[in-house]
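What TrEMBL says about this one:
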type     : residues : note
DOMAIN   : 16-462   : domain 'Major facilitator superfamily (MFS) profile'
TRANSMEM : 12-34    : transmembrane segment
TRANSMEM : 99-121   : transmembrane segment
TRANSMEM : 187-210  : transmembrane segment
TRANSMEM : 222-242  : transmembrane segment
TRANSMEM : 263-283  : transmembrane segment
TRANSMEM : 308-330  : transmembrane segment
TRANSMEM : 342-364  : transmembrane segment
TRANSMEM : 370-392  : transmembrane segment
TRANSMEM : 404-422  : transmembrane segment
TRANSMEM : 434-457  : transmembrane segment
């Protein structure tokens, strides 16, 4: 029995990662469902823009004598037909400033403010218990979203959901950084933060097909009810099976002030490398949020006769998850050679490569749009886990979760709110052009900013080699420590001396050579 428990305990860290990731996926599913169910929600709750839209799959777009989107008034819209069959409707399309506010600012405002407090609390209190409460809060809020009757009720509940979900990242990141070693950290953070894209990707089939199935005559509401119930179950699993890990220091010495004192939260945040990293991450996050909030609506508007729900799911979940894993592995492998700077290099290159196919995903017709979207996702989704691996490696233990909370506050306020400008820009240059700017364009800008950041981070830790002046073959092993190191080191092996005569170490650390005791200096100290 003991041996079985011992074997099971070896899988505990993987189990923790699994529970935390699934909980995060459900939270993000609740977050992004609005982007897929927006049209049905808008029709039910009366909000947003009204437009002429294709309402049948009986005809191909190429067969239409006039495109629905080209008509700007109700009378002309309802008059369009083919052999007496109307193919357009005048109805809510799910877009408009009300939708952009609902999807972005109302969620982000609370999410970011609450996230700062959650990060500070995570440095002081039991993170597992806090995470359990947070999951219960956002789970209940998601359930209640499926019961709303008014637009303002949906706004309030999304704010409550945001408050609960705000604790997921700083709390879970702190837990995982204390469980997993540095060699696996970027991969682990990438897998966990893939929960954002996992939830977003699952939202496509759930929001589209479950809504169409109209279970229990609830339409879009059943998607929220089901997601919330699953979140409550994960909260129970989190609270009853996870334990609070011992807090461990990770590379605390990297953020010291000139006097050598450990940095506090303010000294960490005003560090140029941290500021640049936050700006770069914010711009990249803006691109991701723009596509997340608008992808389903965009493809429905431009390709109403093509069902891309499963394509979007497969690209996001399949190719995106491979990119997440590859990014984590590459980052972890080369960090030993180049230091934490290598993670920023991986970020810069991955986002640069992802930029051109991102443009293609909103330029081409469906087939090539999905192919280029897959290419973009493979490289683009490397970023999130690597960013937070950098953060936990360059900040002191005592302010780690607080820093993550502030980092998320800045990143989400900039990245999460910039997409609100999609609507006014779209009214000036068109929806497609606005998506190109705020989605693919932000990828390209972030790659430049990540490249600048890498020059502000440390390279490979330098090691000092001390060589015995009497024996050039003796290597003194040292460890990388910033500040003063007065440790005494002794070599593990004694090298052979002249003529391969035997060397014996005595208790008083003298060496007998040809029967004569000779003192050997085997110490090194560094200031």
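Cβ from N, Cα, C; glycine included.
Curation plays no part in TrEMBL annotations; they are all automatic predictions.
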Candidate ranges 12-34, 263-283, 434-457 - greatest C-beta contact count to the transmembrane segment (99-121) (under 8 angstroms):
12-34
Test the contact criterion for the transmembrane segment (222-242) and the transmembrane segment (12-34): 3 or more CB pairs under 8 Å, pairs 6 or more apart in sequence, then answer yes or no.
yes
Under a criterion of three or more Cβ pairs within a distance under 8 Å and sequence separation of at least 6, are the transmembrane segment (404-422) and the transmembrane segment (263-283) in contact?
yes
Per Cβ pairs under 8 Å, the stretch of 12-34, 263-283, 308-330, 370-392 packing most closely against the transmembrane segment (434-457):
263-283
Touch test for the transmembrane segment (187-210) and the transmembrane segment (12-34), at least 3 Cβ pairs under 8 Å:
yes
Taking 12-34, 263-283, 370-392 as candidates, which has the most Cβ pairs under 8 Å with the transmembrane segment (308-330)?
370-392
Counting only residues 6+ away from its ends, which parts of the chain sit with a Cβ under 8 Å from the transmembrane segment (12-34)?
41, 99, 102-103, 107, 131, 135, 138-139, 141-142, 145, 158, 161-162, 164-165, 168-169, 172, 175-176, 179-180, 188, 191-200, 202-203, 206-207, 223-224, 227-228, 230-231, 234-235, 237-238, 241-242, 292-293
Give the nonlocal contacts of the transmembrane segment (370-392) in its own chain as ranges (CB under 8 Å, at least six residues past its ends).
169, 173, 177, 185-194, 196-197, 250, 274, 277, 281, 284, 288, 308, 311-312, 315-316, 319-324, 326-328, 330-331, 340, 343-344, 346-347, 350-351, 353-355, 357-361, 364, 400, 403-404, 407, 440, 443, 446, 457
